[in-house]
Amino acid sequence: MSTEPVSSLALPAPAILPTTPIPASTQQASSLVSDQIQEASTASQKSVTSITQPPIPSQQQPPQHITANHPASIAAAATVALSATLLNPNEWNALASTSMVTLDDLRSAFLEQRQQQLKDLERSHRESLREMIFMSENYDKEDVAGSPWKLGQSLQVAEDDAREHVKSFLDQHRLALDPKMSIKDHILEQPKLLRQRVSQELKTGPIELAPPPTPTSATAPSAGEAQRDRDLKREIEQNNLHRSQAVARAAAAVQAHAIAEGVAKIKPLTITAAESQGVRVAPLQPGQVPSFVIESTTPIAHIVASSDSSTAVLVASDAQKVDSHTTMSAAEAVTPAIKVESTDNIDASPSKASHALEKAVSPVPGLARNASTQSTSLRVPPSPMVVPTIPENITAPPLHPTLQVLAPNPLSVTYAASLRPLPPDPTRRITGAGLSGGAIHHRSGRKITSLSNHSNVNSYSSIAAAKIGPAGSGQADLYRWYVRARASPGAGMVGKADKCLMTSDWRVAFNEQRFVRAMARIEKLKAQGEWSFRQPKKQKGPVVRKAHWDHLLEEMKWLQTDFREERRWKMTVAFHLAHEVAAWHRARTPAERAQFCVHVQRSYRHRTISDNVEQHNTDKLSAKEVVSSSQPFQAAAASLDDVEMTHSTSSSHIQKDGEPATVKAESGQPVEDADVTMDGGADADEAVTQAVESALQTTNEAASARAEEMDADGEDDADTDANDVEAATAALVSGEPSKPPKVEVVREPLSQPQPMPTLADVSVPTTSSATPTVPASSTPTTAANDKLVHALRSQPKDADSTLTAEMPPQLLATLRAPIFSTSVTTTVVSPAALLDSLNPEAAAALLGIEVSDLANAADLLEPGSLSFSKMFPELPLYGGVSLPESNSKSDRRWDEGSLNQPPRLTHVTKLLDSRPLLVSTLEPSKNRANGRWLADSDWVVAAEQSDPLRGVTDGADTALPPMPGSLLFARKSNRAAKDASGPASTTPAEPASPDARAALFVWTPDEDNYLMTLAKQYHNNWALVADLFNSTRLNTATDKREAWDCYDRCKRIEQAAAEGKPPPGPPPMPAPAADADKDSKKGDGKDADASSSKRDKLSKKSGSKHDGSKRKQRRSNLMEVMRRSAKRREATKQAQQTQQTKKVNLNTHETHAQIKAGPAITPQSLSALKTERDQAALRQYYEQQRAQLAYQQQQQQQQRLLAQQAQAQRMAQQQGTAGTSAPAATAVTQAGKAGTAIVAGGTGGVGNVSLLPAGTPAASAGPAGQAQQKAATGQGTNQAIAQQTQQQQQQPQSQQTAQMQVQQPPAAAAAAQQQQQQQVQLQSQLQASQAAQMQNLYAQMQQQQQQQQRQQQQQLGQAAAGLAQVRPGVGALTQQQLATLTPQQQQQYHAQLAAATAAAQQQQLRSQMAAVAAAQGGQAGFQLPNAQAQAQAQAQAQFQLMQQQQQQQNVMQNQGRPAMAQQAQQAALQMYQQQQRQAQMRPPQPTQPFAARPNARPGTAASSQAKPQAAARSATPAPPMPATVQALQQQLAISLATSNLSAEQINGLAIQLYKQAQQQQQQQQQQQQQQQQQQQQQQQQQQQQQQQQQQQQQQQQQQQPQQPAPTQQRPPPQQLLNQAIQALAAQTQKNQQPAPTVHGVTGSPVRPPTPRPS
């Protein structure tokens, strides 16, 4: 160390830093993630990470500094901080391996983490953009705060900056999937002032920019190291995310000091020594990442070179690639100030430093640090990374003593490197630690590769998923599985399963038990010391020479490869030609089409050899004269008999002067190098003609000689070859032989191309466009080309001669990088072009030599020394098939048991294939950390040195034959083999007792399938089939199938398949002959049980005679136990049958409904029983409520009846006083009342006739009355309701007329009495007609009921005849009939009965709704006094009908009810019936008098009676809800309570009715408005008519004042009655339309939901 003071670094503490700036490591990680998302964000991140100068804290809060003078203290701080901040996933793995964390929790955590990462990425991206704006504005300003000379606390633009260009920049380059503008389009000006300032301070020459590296970095490793480098890079980036800013700057400072001072200056330093030198550890707060804070109180010193220092300092700076046409911008900041010492005071010069140190401290790994000492300029190489990567390739120290003992020679190390990795530790798999333990010889980073597959390497869930579970474990741990299977075996779960299990489920449990027993056996053998983990190597057998068959197979494989590749080549050519033709047709203009064409000379007609021979037989003399001059051409033609001669091979080069020149025979130049042009008008050249004739003659002779040697099968090939040669030479001949063509040879100058040999084999023909022609006169160039071509030939002797020993992999990667950037259609690669693209300085740096020394290594970088096999040593080179030499062809047969082939022995564990190595030998405490082996441990370094390719051989061994596995014998069609179903080639020997032998084995379906597969595959080679069958299944020594067993089983299966039957089972065990004779001697009187027992005993004895094995004995015992259990089961069944009582079986002759007893009670049936019990309790509650309500209603009706009687007496007294004053009006009123008789029908068709008061006179019913009776008799429910409504509307008119008559003068008393008598007679007649009508209706009802009963009896008879299906319409069955039914038939009967009851209830609900609508519709007008009684009578009829319909249901339902519930229900029904009878017996109430005008006349009453119904309805306000509606509501509640409808169905019905009511109410309101308008018009007209009538009556009274009132002409009562009946009939026909709505409820049927069957 120099005695001069070393400059220190001022690094602020992260604890006091504001949260605004983002650390460089975070920005670097953000750049890594955004590189996968968007290219724009990548460029911005790279531009941001170019800042290497740390921010200085604000002046208001000066930090406390601690001096650290030694760079080793900084290295110690960085090392400790890195080890402290590494992630430890043990806790996460332990949590995820338990049941506390579910898959949903992991998914939600992963989703939250991804969302947070996206937010952080967007935030960091915007901060990076603001920093980029700040940097672009202030990097070249010296006096502005924020420039490299005056760094502020924050290096970014404020978030609230409102400048327009800032907003537009942030908006253009925001983070998005569809960016509008890339960050590459943002051009940064070159920092010229900054470079000048740096050059002035460093006292160096002008700063130059180093050229950018090749597309693939100079440090691109080989294929074997690429994966390790990527994994290591990802791990470093993951750790950098959790580093602090101080640690990153400390690492950069350590690198800078290492560059200046050399590797010898950095010594290991402990944490204690570091603390003594000024390094302190920042206090760790909860949730804070630990970091080291290194600060200094001394100001930053600039780099000043010593007087005797001539070493150029390389200052790292970051640059950004602006565009492909722009240069690289310089760095915006420099590294911390470093004191540069003189080279004399440095112990280890940088020029003499090792290559590993240069690569470690270089910002761009791979570039040399040994620049020329005479250079005064400063070279700034591009460096996109602020924090350098950890040195990877370090010079290996000497081997550890233990390693030297274990590995005395490289051969043992190579053997250890080829071994497989050690198995993992089962006890440490749960926490994730120790995963892939002992993996020091991994051929690929197994653990890191699994982690690198995830999109985010920092994701805790990704790490946990990779380390936990079968998917991420990588290796199966049998011991762990064995422990878990013993703790919770699947067989126990299968045995207690409550669901249906398939055969595969049972097979899983069976296999698990087999494996558990196998593992238990292994553990037992381990305990006894009989289980070995070592397997001796197979002894190599004697050498087997190849036979003729082996050579024939090789030739067949070669032919197969040739044919397949030729077919692929033809398909490829056809593909390209088709696409080119399609492109030519798509071209629109001739110019575009001309670009697809190649301008060649016109082709000539091909002539056959025979024609040429006939034409030239006459010119043999002239041909002989020129034979001596055409010998070179003959030699060339003889050597190229089988080579196709293209136009380019027969063309020669042209002279420069362009003058014609003749071809002379004595010049010696080959004719194939002459470019001959045919011209009919030119003179013939005699020499050319002779040469052509000589060529034809030589070709014919060669063809005839070859045809004689070939057999008949080769004649076609000979003709084809001759045609090919003739096609190349016939272009020179045209015309008759007596007149040779005129040939003119023209020579024109061609440009001399640069020699460019192709990287291909000579045996592969190349086209003229790919290989440029070389002049024949240039002999040195041709020789060089021949040398290069032969050098690139892929021969077996050159397979191992690669440049890996002389040329490093980095240089190879750089050299072959341009190959990957070429087009996919390029087929020729020039080595010279590759060498020209290589940078000499980069090549010198990679080779570790000076640029001036590259001339000495020219032999390595010559075009002739490059080939594909040398540039790609790790890849096999595919080339043409070359003929092997006679002595190189191996005559040894491929040994199936060699070490290169996988053995046929069962692979139990990986320890059998690996050399045992104790873990303590590896020293895990020193060489293992954080679950993986350290890269710089002695074992890893030794393994890499001994075997860099990690077991991958460097090139294939050409002496060995190709690996087996050819597709030569693969069947390419789906047709079966011809001999698949034929007889066996060799039938095995039949045993002594084949049937007994076949009965010993039980074949499972899987075994049958496997046996048939083996038989088809090995063509009935039964010995091999039996061997394979026994070796691939777990069996005992006694359960071994012989060849005959396999043959017999296949034969039986084929016979069964031919007959269309399934595979047969084992045949029965034959009985011995002696026992059979004894059985035959016995009589047939024995029962079946005795004979079966005898047979079982005999089979047992015969079974015990076979071999006396334990398996036979166990089988016989099992059969005996099965026989006894079956016998015991039969005895128990017979005892149960005798105990049961005999019942009449109605299904004796029923063959279609043989159904067994019902299954056990299911949860659904239990819930149904519970529902029935709850419904019964609910019905009982409602019955009690109804009984109480009926009692209350009875009391109220009695009180109301008393009040009505008292009121009737008072009204009678009032009528008696005023009755004498209006006899005429009373008569008219009574007549009107008689005409408004109403016939009301119930819902079930029962008509209840409401009679008028007894004082009304009767009248004979005329034809109109009879018609009205018939119409009323035939009407249904809706017509009856409409008649009731009409009656209620007509009633106020009669009452008004009666009131007007009451107030008439007393002069008409006599007439009133007479009128009253007539009304009494009329009333009696009306009552008689109504009684007759009721009798007719009652008779019709009885007829309908009788018809229904007959139908029910018929259906019941059908059900009794065939009880397979119970009809819904049948009535209730008796207990005897139900007892005869089976349980399933009873269930079916109950379901159908419930459906029929539900249908009846729905019809009843519809009728009740119609009745409610009718009663409510008549509520708006005046009602008769006895309307309530009529409604109650109608409700009574409805209730009776409902009671009749529910009798069938109650028969079954009441059986399950308790006696108290039935009695309560009967009492409630009786009370309700009594209440209805009392309501019918109640007398009618008298009408109340109305105030009439004094001048009222009989005509006025008539006119008022003729008023429409709507006027009376609109004039009278609506009274409260009548008793009729209440009764109907009560009846509806009773019906719902007695029904089986659930609460949900009732609510649904109510909602449906409510919606329909709303819709219909709106329609009714609209209709009412229209009717009101029409009624108003009619009223106006009637009023005018009434006024006219009144005026006429007054005139008549004035003219006849003395005439008494009874003498007026009035219609007789019979006419009034007929008019009333006609009006009622018309109104009835009008009401046949849908009934009017009452609060939205219509007479239309509303179908409730179908009730559930009980």
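Including glycine, each Cβ sits where the backbone N, Cα and C put it.
The shown structure was predicted, so the numbers you read here are calculated from the model rather than taken from an experiment.
Between the stretches 693-720, 749-776, 1365-1392, Swiss-Prot puts its region 'Disordered' entry on 693-720. Swiss-Prot assigns the feature region 'Disordered' to one of the listed ranges (178-203, 204-229, 906-931), namely 204-229. Swiss-Prot lists region 'Disordered' for one of the ranges 974-993, 1194-1213, 1314-1333, namely 974-993. Averaged across the domain 'HSA' (536-611), pLDDT in this predicted model comes to 83. Helix, strand and coil counts under DSSP for the domain 'Myb-like' (995-1048) come to 34 helix, 0 strand, 20 coil. Secondary structure of the domain 'HSA' (536-611), assigned with DSSP and counted as helix (H, G, I), strand (E, B) and coil, comes to 48 helix, 1 strand, 27 coil.
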